[in-house]
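Below you'll find the structure, written out as structure tokens, and then a few comments.
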Amino acid sequence: FYRRGISPGTSCPRRVDSRTIYVGHRSSSTNEAFIPPKFCDNRIVSSKYTVWNFLPKNLFEQFRRIANFYFLIIFLVQVIVDTPTSPVTSGLPLFFVITVTAIKQGYEDWLRHKADNEVNKYPVTVLEQGRRIRKESEKIKVGDVVEVEEDVTFPCDLILLQSSRDDDTCFVTTASLDGESNHKTHYTVPDTEKDLETLNATIECEQPQPDLYKFVGRMHIYKNDQEPAVRSLGPENLLLKGATLKNTQRICGVAIYTGMETKMALNYQGKSQKRSAVEKSINAFLLVYLCILVSKALVCTTLKYVWQGKPGQDEPWYNEKTQREKDTNLYLKMFTDFLSFMVLFNFIIPVSMYVTVEMQKFLGSFFITWDKDFFDPEIKEGALVNTSDLNEELGQVEYVFTDKTGTLTQNNMEFIECCIDGFQYKYRDASSDLDGFCVTDGPLNKVQEKEKEELFLRALCLCHTVQVKESSEQGQGQRDQVDGFGLDGEVLPPLREQRGFIASSPDEVALVKGAMRFGFTFLGLESKNMKILTRNNDIEMYELLHVLNFDPVRRRMSVIVRSKSGDTLLFCKGADSSIFPRSHVKTDDYLLVVTLGAMCFAVQEEDYAQADAGLMEARLALQDREQKLMAVYNQVETGMSLIGATAVEDRLQEEAAETMEALQGAGIKVWVLTGDKMETAKSTCYACRLFQRNTELLELTVRTLEDGGRRREERLHELLLEYHKKAVQDAPSCYHTLTWSSANQDYGFIIDGATLSMVLNSSSESNSSRYKNLFLQICQNCTSVLCCRMAPLQKAQIVKMVKNSKGSPITLSIGDGANDVSMILEAHVGIGIKGKEGRQAVRNSDYAIPKLKHLKKLLLAHGHLYYVRIAHLVQYFFYKNLCFILPQFLYQFFCGYSQQPLYDAAYLTMYNICFTSMPILAYSLLEQHICIEVLLDNAALYRDIAKNGMLRWRPFLYWTLLGVFHGLLFFFGVRFLFSNPALQDNGQVFGNWSYGTIVFTVLVFTVTLKLALDTRHWTWINHFVIWGSLLFYVFFSFFWGGIIWPFLKQQRLYFVFANMLSSVSAWLVIILLILLSLLPEILLVVFHKPRGPRQVELRHIHTFPLYFTHSFSPRFIYLFHFLTVLPLFSLWFWSSLMEPIFNIFIRGI
């Protein structure tokens, strides 16, 4: 059994394989003292923190991040070692980051506490000693008998003991668990007492495990010193916490799992964390900048001691060393100086970038939720974001793996035709001798054929798990209404055609409705008796003996029923691949494309007794129940006769073809992974335009392996080599160099599950590896790939194989059913469709959308924009911090490597927190470098950002060189100004703090205006944060330097900013440096024109930023190089010639 630990804080005994529960806390033996076993209470605890552990636990979690821990070390070094900057410069930004994150996590946890209290304090009714007692939900204990009324949620996991319905069933909805809104039927335990006060029983069941659809147990019922009656318990008897009672006045059940042991609580455990490619790029860039930081510190430390090694430099007459300094160990002093330089330059590592990235991802995810185009009026729901950490990954998808049924198609099944005894039938409205059947190649003996028809239609009416919904209409008299038909056979108004049946799968309802068209109507299940209405308006009763449930492995289900005449019959239906091997008929005799086959055989009494005993024994087993049931099922479902087949139509999803065409135009390869048969799946691929008329299909299935007359493995090897030569070796060279699909590729690949098992699990390990490589290379050079007859595990294996292939392509899986969960969890990005097969896929996905058509906008628009925004954010953060620290590094060459800071401590602290943080955050949320309509109309634009194109080393090098260029320009430009430091009218000279303030002013304005130049989509928010940040900087500088602050030992900037702005030369240099810094990029962006086919595409698109263009003509590269030298030349010209003339002019005035 699946074992799972309990969350901390819950006291539970040591686990064994099973647990024993006493119903109503009554002992089964009156002779022994009853000691009730201890289980977890019914409190739900989804919160992470308490009042007492919040601070230490949250701090521990935050400092596990490398960046936070690094800045903590820097802060401690500043506190312990005599460093040139105050500990506040590192401590305050770190405190800001930690505080913001702690407040966000604390608020989220407070909401969890609030939700927990609502659940734990909810009043419930418990039956104790014949009395109905109201309690809080958290006080329920395992073994309590709980009463639940209609439309009330179950407070814990219950075994159904009693129902107000006559047939001892109840209906529930599990929308809060798996999203399925349809009603599910659950059954009471047979032979339980009507008066629960007298019920003496124990339940033996498995320990808690998270699977919502599995439960194994048995109930011992004790009566008057008789041998205890044993009844099996399964999922049909289990009512889950979180499910809601429907169409039933009240039920009573015994609590078996409570609190954190309920299946709902166990399913709250988070999925494995997925990391985006952007995070990996950030870590790589951080390592580069960490190396730059260490290199700067080493260079300055080395040059300091080289310079001090010269005579008179180590101890000048005006700065003699103290005795303590003379006694300090040289190596210790060198290490201390190295740490001091590390502290001085540590701002090159952008700690605030992590907070900004988290806020961008969290806030950016709301744009998907708010998108009105994702709202589906049919289900009245929009898109859902379960994981905001992968927003940018939506813009990097290279492979899409999609399910067929419910994803490419609507999963809205409609009965089209059937085949009975080899003859094909279609439905027609006009009455005929065959009661609605239209025989296309029909039989000659109508009497004999009519018997076979009726047997087939009875099979459709009996072999299912469909329930009939009770009519809520009043005043209908004696007339029951069941999906549009009255009991007298009269056709009811078509308004009721869509009502009446409850089923877990749409195809079951389609088959029952198909039988109803032809005169056989299923009336429902009453006390284990199935009622059907025949063509002759006769009601037939069949006792339901056993249901052999459907599962994805068997791909079939069966029922064993007994007619009034005493005949025992087994009806079986399932996929053709599952039905044909178990029937007497040869498959070659049936040319009809079937979606489901039906079989039947009469069961002899001795065979039934043996099967009944085997089924009862398997269902009572606590160990390996599923395997034992499977063995009995396989033993029973043999030697059957094929009585017919059905064809059920499923229509394509809205705009499915257009969506697939757009994805292929974006360079994304689409693979269809389905459990359906090849013919149906191939037709769907053609309808979706994944396969075109000129597409040559390379088929690798069991049929093609058997064509050659040789062993399958030999034939497999031969076909793989043949297809590899055709699709890879003989393909144009562009197929080898590009991993993106193009319109010229005209190969499609088809493989089935059995052949895939041979490819992945060959008898020889060397062959298996070789087959995988050949298979992958063939698939990568095909337009689309179709994998049919796939088991859920095989879907995940396919995704994993592609994900781990060369280049580690980004994969996306999309599906709507429980069989798609494995591939959704395996892919980099998992998307669930809110379809008709439940919400298991939605619950386990990263994103959920109502329809397949929404995938186009999610990837081509949202994904594209998210990636561009966050890529620009990351590059911009590194760029602006390099511009910030490089002048500080250069300043050490002019101050004797004395670790003198260039900027004031307030500027060091506020630069990343206040002055430059809000503009880039607004940009990363609102920027649209290309409008959404153009992105949707030109799918090829998705290729421009492929393969993490904006976070590769080439763009990173560009941003780094741009930061170096601007840093050099800021520092040496101001130094040229200070060649004559008497910059005021009264002859007063500017000092080092004025020097640093001018550099910082140019820096703040340049990096902010650089972002303004890159902005293509302006909103009032962009204007507010960009110009507001610049105004705030000016206001803060006046405010900070205009007041004498009593808590400061040194007032370094007192009136420095005001005096600086009183100098005309300072004004001109600031303006000139800002213009010269931005001029090269302005010219390059303005004059650059895209060449080639993309020129037509980009006519209606905004101008691209510099980092976004990849191909430049040589004349523009020469122009760029020239303009990088122009600012330095201009400054020299200004300082050498124009400034003296300007000063003489000013003095003359």
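Glycine is no exception: its Cβ is also placed from the backbone N, Cα and C atoms.
Annotations in TrEMBL come from automatic prediction, not curation.
Residues annotated as active site, 4-aspartylphosphate intermediate in TrEMBL: ASP403. Close to ASP403 (active site, 4-aspartylphosphate intermediate) in the fold, though at least 6 residues off in sequence, lie VAL672, LEU673, THR674, ILE814, GLY815, ASP816, GLY817, ASN819, ASP820, each with a CB less than 8 Å from its CB.
Residues annotated as Mg(2+) binding site in TrEMBL: ASP403, THR405, ASP816, ASP820.
The Cβ of LYS795 (ATP binding site) has 28 neighbouring Cβ atoms from other residues within 10 Å, across all protein chains displayed. For ASP403, LYS404, THR405, GLU508, PHE550, LYS573, THR674, GLY675, ASP676, ARG789, LYS795, ASN819, ASP820, the entry in TrEMBL reads ATP binding site.
Look at TrEMBL and you will find 32-90 tagged as domain 'P-type ATPase N-terminal'.
Taken from TrEMBL, the feature domain 'P-type ATPase A' covers 122-207.
Averaged over the domain 'P-type ATPase C-terminal' (842-1088), the predicted model reaches a pLDDT of 86. Annotation comment: TrEMBL describes 842-1088 as domain 'P-type ATPase C-terminal'.
Remote same-chain partners of the transmembrane segment (63-81), defined as residues 6 or more beyond its termini with a Cβ less than 8 Å from a stretch Cβ, comprise 87, 89-91, 93-94, 97-98, 286, 336, 339-340, 342-343, 346, 349, 351, 354. As annotated by TrEMBL, transmembrane segment applies to 63-81 (among others).
According to TrEMBL, the feature transmembrane segment maps to 284-307 (among others).
Taken from TrEMBL, the feature transmembrane segment covers 338-357 (among others).
Annotated transmembrane segment per TrEMBL: 956-978 (among others), in sequence order.
Residues or ranges marked as transmembrane segment by TrEMBL: 993-1012 (among others). Listed by sequence, the residues of this chain that lie at least six past the ends of the transmembrane segment (993-1012) yet keep a Cβ under 8 A from its Cβ atoms are 876, 879-880, 883-884, 887, 891, 901-904, 907, 911, 915-916, 919-920, 923, 966, 970-971, 973-974, 977-978, 1026, 1029-1030, 1033, 1037, 1052-1053, 1056-1057, 1059-1060, 1066, 1069-1070, 1073-1074, 1077-1078, 1081.
Look at TrEMBL and you will find 1024-1045 (among others) tagged as transmembrane segment.
Taken from TrEMBL, the feature transmembrane segment covers 1116-1134 (among others).
In the structure shown, across all protein chains, ASP820 is the one of the binding-site residues ASP676, ASP816, ASP820 with the greatest number of other Cβ atoms within 10 Å. THR405 (Mg(2+) binding site) is 14 Å away from LYS795 (ATP binding site) when you measure Cα to Cα. Broken down with DSSP, the domain 'P-type ATPase N-terminal' (32-90) shows 28 helix, 0 strand, 31 coil. In this structure, of the binding-site residues THR405, PHE550, THR674, the smallest number of CB atoms within 10 A of the CB marks PHE550. Each residue contributes its Cα atom, and for PHE550 (ATP binding site) and THR405 (Mg(2+) binding site) these two points are 17 Å apart.
In this structure the C-alpha atoms belonging to THR405 (Mg(2+) binding site) and ASP676 (ATP binding site) are separated by 8 Å.
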